[in-house]
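**Student:** Not my notes, these are from Swiss-Prot:
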BINDING   G10, P11, D12, G13, S14, G15, K16, S17  ATP binding site
Amino acid sequence: MSGMFITVEGPDGSGKSTQLQLLVENLKQKGYDIVVTREPGGTTVGNQIREVLLSPDHHEMTPRVEMMLYAASRAQNVEQVIRPALERGAIVLCDRFIDASIAYQGYGLQYDLDQIRSLNEWATNGLTPDLTFLFDLNPERASARMKDRGQLDRIESRDQAFHERVYAGFQTLLKQYPERIVRIDADQSIECIQDEVLDYTIERLQQGGVQK
């Protein structure tokens, strides 16, 4: 595959989705072939799974089922969207990927990390991002931002202890994969973050020889 696979991660409320859209716009203006997707979602099948996963009506969902639904959405996204785009040389920008499952289901719900990794290895046929931006925002600030947004989904509405475990999970991943995961201070202004993310992305694209 000759494209580049870039993911954004971070706690709910970190601003990662806003920054992803800004990065998409900036790269398109520079002439790059961009495909943008998200998880859960990104496909018709994935979007239906997303509705089930995030609906507050499904409070009885078990950690095992939650993990398997995320992996199912991810498998469809990889086969239908991500891998074909990479094979044609596009840059794929994805809002969350396997790191999110490790942080949210593994650390947040305290589900077995080895099982999560094994399931997702199979679901994606071993696909790993080339670059991941982790938007780092402490749980208290993230919680305040989420409350300002209004109604919360099933995941966002979990207690503060859950979100603190998720945050700790992301910090662990940052230490485990320093060559892939780049920490972004999400408490800066939108403009400062935008510039930092774009500069780093362009540098990595040039290093990787990705063509416009």
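Yeah, the Cβs are placed from backbone N, Cα and C, and that goes for glycine too.
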**Student:** Pick the one among the binding-site residues S14, S17 whose Cβ has the fewest other Cβ atoms within 10 Å in this structure.
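**Tutor:** Lowest Cβ count within 10 Å among the binding-site residues (S14, S17) is S17.
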**Student:** Given a 10 Å Cβ-Cβ cut-off, pick out the one of the binding-site residues P11, G13, G15 that has the most other Cβ atoms nearby.
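**Tutor:** The most densely surrounded of these binding-site residues is P11.
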**Student:** With the ATP site defined by G10, P11, D12, G13, S14, G15, K16, S17, which remaining residues of that chain have Cβ atoms positioned within 8 Å of the Cβ centroid?
**Tutor:** F135, L137, A142, R145, A186
**Student:** Taking the binding-site residues one at a time (G10, D12, K16), which has its Cβ surrounded by the most other Cβ atoms within 10 Å?
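**Tutor:** When each Cβ's neighbours within 10 Å are tallied, G10 tops the list.
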**Student:** With H, G and I counted as helix, E and B as strand and the rest as coil, say where DSSP puts P11 (ATP binding site).
**Tutor:** coil
**Student:** Can you check what DSSP calls S17 (ATP binding site), collapsed to helix, strand or coil?
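**Tutor:** DSSP call for S17 (ATP binding site): helix.
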